[in-house]
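Pulled from TrEMBL, these are the features on record:
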type	residues	note
TRANSMEM	23-49	transmembrane segment
DOMAIN	41-292	domain 'G-protein coupled receptors family 1 profile'
TRANSMEM	61-89	transmembrane segment
TRANSMEM	101-120	transmembrane segment
TRANSMEM	141-163	transmembrane segment
TRANSMEM	196-221	transmembrane segment
TRANSMEM	242-263	transmembrane segment
TRANSMEM	275-294	transmembrane segment
Amino acid sequence: EVNGSFYQPSAFFMMGIPGLEAFHYWISIPFSALYLIAISGNCMILFIIKKTQSLHEPMYYFLSMLAVTDLGLVFCTLPTTLGVFWFNVRRIGFDACLTQMYFIHTLSFIESSVLLAMAFDRYIAISHPLRHPSILTKTTVMKIGLAIIVRGMVSLLPIPFLLKRLTYCGKTELSHSFCFHSDIMNLACADIKVNVFYGMIILLSTVGMDFIFIVLSYILIIKTVVSLATKEECLKALNTCVSHISAVLVFFIPMIALSMIHRFGKNVPPLVNTLVAYTYLIIPPALDPVIYSIKSSHIREALIRALWKK
């Protein structure tokens with residue numbers, strides 16, 4: 001691992017919540033509850049959509065993609081997070097850390113793109129309701145889903161290799177109980193300008209553009225809704241977007257906050273950094289199925305029917 005001036009650690013050591021290490025066992029209880037809600041809630045969404053024929057339409061296909069992505073994020077962070085809180089297992093191999101980092105960021109980018117696809121679906125459904133079935137066919141939805149996956153995986157593929165080429169200073173302590181690109185990158189004592197530049201370009205050209213197009217979609221939706229004849233029609237149209245708007249806010253607000261902290265928050269307390277990171281990766285997967293179960297009458301009715309049959 002040491003070859004001249006090149007040094008690559010065999011492992012990194014993860015952190016829980018700084019300053020609260022003595023309470024990690026108790027802190028693990030709400031974390032375990034959130035993971036349980038996320039797993040059971042998203043599995044329930046997938047089961048209901050699969051079993052209910054009336055939900056086999058674009059809006060719910062995209063919701064299925066969102067649920068699968070949320071489950072992926074949960075299973076990426078659950079082993080290391082609960083390992084730190086339950087058993088104080090802080091060590092993670094260098095390559096394992098890079099692998100976890102790649103999948104966390106890839107799934108985050110995929111979730112961003114799925115939310116954009118859902119915004120596009122809402123725009124077509126409200127602005128061109130008669131053309132909606134012909135525009136978003138099952139084949140088109142599958143192609144969109146495949147494009148989203150390929151885009152996320154390919155755009156982030158260079159990141160692990162850019163990190164492996166760096167020389168590290170001997171510091172091996174990460175800021176979280178999972179691996180982030182900026183967290184690993186900041187442990188290097190080599191020139192990281194390429195990593196910073198590539199990470200910024202990819203973030204702005206994917207998640208940044210997704211957010212801009214989501215906002216534009218809702219500007220067009222509001223423009224269409226305002227032109228509707230009655231107030232009741234206007235409120236009915238907007239009500240179909242409430243769940244999606246909530247999911248967008250739950251995902252993008254902590255993500256933007258975390259990006260700002262990593263790039264400009266040198267003096268931000270470690271506790272704030274850690275809490276924002278946990279909010280970004282754990283809260284959306286837990287809240288998304290709750291939001292859609294409460295606000296979507298079709299999901300709610302299908303759930304009630306499934307429970308009644310039981």
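All positions are counted from 1 along the displayed chain.
Note that Cβ sites are derived from N, Cα and C of the backbone, with glycine treated the same way.
Caution: TrEMBL annotation is automatic and unverified by curators.
Below 8 A, the CB atoms of the transmembrane segment (61-89) and the transmembrane segment (196-221) form no more than two pairs separated by six or more positions in the chain, fewer than 3 in all.
A Cβ distance under 8 Å defines the sequence-distant neighbours of the transmembrane segment (242-263), meaning residues of its chain 6+ beyond its ends; these are 66, 108, 111-112, 115, 118-119, 122, 180, 182-183, 200, 203, 207, 211, 214, 218, 272-273, 276-277, 279-280, 283-284, 287-288, 291-292, 295-296.
The transmembrane segment (196-221) shares more Cβ pairs under 8 Å with 101-120 than with any other stretch in the list 23-49, 101-120, 275-294. With a threshold of 8 Å between CB atoms, the same-chain residues lying at least 6 positions outside the transmembrane segment (275-294) that come near it are 17, 31, 34-35, 37-38, 41-42, 44-45, 63, 66-67, 70-71, 73-74, 77, 81, 104, 111, 175-176, 178, 180, 243, 246-247, 250-251, 254-255, 257-258, 261, 300, 303.
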